[in-house]
Amino acid sequence: MKTPIEVKILDSRIGSEYPLPAYATPGSAGMDLRAMIETSLSVAPGETRLIPTGISIHVADPSLAAVILPRSGLGHKHGIVLGNLVGLIDSDYQGPLMVSCWNRGDKPYTIEIGDRLAQLVFVPVVQAEFKLVDEFDNSLRGEGGFGHSGTS
């Protein structure tokens, strides 16, 4: 099932030199976001840089949100991860998509124009309504915290 999402091209190179974000295979969950920068840039170890993707989206449907997630190869091979770990795009946001790149490695990393930096994934949203209670019904886990599940 495909859901239409409005996209605005902010960088004219998208659609001509670089493709719009798209699913690589029928089973892909995410679409690659690219670095739409003017020139190559270096990210020093420990440094974080905010990189434009050249697009804006408007999800519009309050039952959906978008998340920006890291690409596994960049983190594993080069230490490049998202500076905010995950980017959450609310359904009513209409501004440019940016990727926060953090170099947690020990060498500078060069980002080239058009490099694939992150993935955009759409997820369902459930808005909760809190119900105040004095006690919870008993559960198997109870109040066991970090590292508690699956232990005897």
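Each residue, glycine too, has its Cβ placed from N, Cα and C.
Database features, via Swiss-Prot:
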type	residues	note
BINDING	R71, S72, G73, N84, L88, I89, D90, M98	substrate binding site
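Everything Swiss-Prot records as a feature, shown here on the structure.
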residue: R71; record: substrate binding site; Cβ contacts under 8 Å, 6 or more apart: D32, R116, L117, A118, Q119
residue: S72; record: substrate binding site; Cβ contacts under 8 Å, 6 or more apart: none
residue: G73; record: substrate binding site; Cβ contacts under 8 Å, 6 or more apart: none
residue: N84; record: substrate binding site; Cβ contacts under 8 Å, 6 or more apart: S100
residue: L88; record: substrate binding site; Cβ contacts under 8 Å, 6 or more apart: A65, A66, V67
residue: I89; record: substrate binding site; Cβ contacts under 8 Å, 6 or more apart: I57, V59, A65, A66, V67, I68, L97
residue: D90; record: substrate binding site; Cβ contacts under 8 Å, 6 or more apart: V59, A65
residue: M98; record: substrate binding site; Cβ contacts under 8 Å, 6 or more apart: L50, I51, P52, T53, G87
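When the record's substrate-binding residues R71, S72, G73, N84, L88, I89, D90, M98 are compared pairwise by CA position, the greatest distance found is 27 Å. Under DSSP, N84 (substrate binding site) is assigned to coil, being neither helix nor strand in the three-state scheme.
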